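> The structure is given below, and queries will be raised subsequently.
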Amino acid sequence: MPKDVMRNPSSVWHPYTQMSEWDKFTEIVGGKGMWLIDSEGHRMLDGVASMWCNVWGHSKREIISAIQRQSKKSPHTSLFNLTHPEAESLAKKLVSISPNMSRVFYSDNGSTAMEIAFKIAIQYWQNVNNPARTRFVTLTNGYHGDTFGTMSVGFVPAFFWRFKKNMYKTIQIPFANSYRIPRKTSIEDYYEQTLERIEKSLSRDDVAAFVMESGAQIAGGVNIYRNDFQSKIGRLCRKYNVLFILDEIATGFGRLGSLVEYTAQKSPPDIVAYGKMMTAGYLPMAATLTTERIYKSFLGKYSDMKHLYHGHTYTGNALACAVANQNIMLYKKTNLIAKIKKTSRIMSRRLGEIKKIEIVGDIRYKGMLAGIELVSDQRTKKPLRFTKSVNRVVFEAARKNGVYLRTLGNILVLVPPLAISEKEMNFLIDGTIKTLKSILSERRL
Ligand SMILES: Cc1ncc(COP(=O)(O)O)c(C=O)c1O
């Protein structure tokens, strides 16, 4: 084992991290608005929205009060045999913002919300006497979580290849981002070919559902869909009587500029999952919503055993429900979606400055999301590489410029808290430019 391995004395094992690269981790001891404060008193603007979920910053009075109020009443009671007012009112709110949806199943994180969507889909077909429909059709580079079910459906090769043998079979339609489509193929032709492949798969009689991220793939490379792509897939699902499952865990709740992305995409699903920003980044919670048609297929006599066999200890946690209720009220009260549209214009306008930097190959963006693909050669599009991970190098350089940044492989993802001010958005872009320029000049030395 190399000498520097195991230098870090902490007992914490960090996610998606080569632990030997880090002597120690920057310790965050506080948060104020959009800023993170570390144990040495330095401030960093949170360009990652604390893993894509923070909405209002880190000290939103109304959200903290909602937690305090609810914790005095009851922090957690079970939804097994019982209900509580916060779960009831949140379900009503979620249904009211989600056209065509009528029922809500709560869980603790995005991965479980998607697992629930898959279980509902499989059992739905059993309930309606078509048990042969068990397969999921998906796009490559989709991401739906890190559990085995979600890895099977949303295979991102770089993340999951080690576990492939243990995954279940799905039908994966090849799908690349616009920067990496096959050479000599126009983007229009590429999308047409993809839709043709999807249609062919959906015509099989063993398909339970088509599953995709709504509006864009994020973890698999920040791939923003072209107009009509998602709605055309939705129409194909209807044509072949296949369920259409949308994952809005990272792209809903305003990340791409709409409260519910499938309304912007004109593609109503049969099942949709929300997570991340639903609780503004304060407490873990997710939800799986279905249409009335799907829900009704689960009804029957107890002895039919048609009910959904799924539930977690913290399903419908009262604190999280209270936070989500308060969060949705704040979206409305502050007209957050209109504000996002304005702030995101700064981001799109200024991304041109980033594009000029020599190590930037491509930038893909929508709403409050941008993926900056880093390359060592703009002509050959060869991904930028260091002996250390690109993430480690970018994080260190960004920290010195007062911003918290993270990459997915060689893609720097800008995902600021949604309520970020225009001034802070400019600071984030300035910090990103300084970071990339400092990396470039170090490479030249
Ligand atoms: C689109 C999408 N679906 C599902 C998930 C999984 O959510 P969680 O990390 O809360 O399990 C993520 C997480 O990043 C995601 O981006």
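Cβ coordinates are placed from backbone N, Cα and C, and glycine is handled just like the others.
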> What does TrEMBL list, out of D38, D247, D377, as binding the same pyridoxal 5'-phosphate as G110, S111, H312, T313?
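Among D38, D247, D377, only D247 appears alongside G110, S111, H312, T313 as pyridoxal 5'-phosphate-binding in TrEMBL.
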> Could you give the Cα-Cα distance between K276 (substrate binding site) and D247 (pyridoxal 5'-phosphate binding site), in whole Å?
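Counting only the Cα atoms, the answer is 11 Å.
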> Can you tell me which binding-site residues out of D247, H312, T313 are within 10 A of Y143 (substrate binding site) by Cα, answering none if there aren't any?
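Those close enough are D247.
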> Relative to the Cβ of H312 (pyridoxal 5'-phosphate binding site), which residues of the same chain, six or more apart in sequence, are found under 8 Å away?
S107, D108, T112
> Other Cβ atoms within 10 Å is the metric here; tell me which of the binding-site residues G110, G311 scores highest.
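Result for the most crowded candidate: G110.
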> Mind running the binding-site residues G110, S111, T313 against ligand 1 and keeping the ones whose CB falls under 6 Å of it?
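Listed by sequence, the hits are G110, S111.
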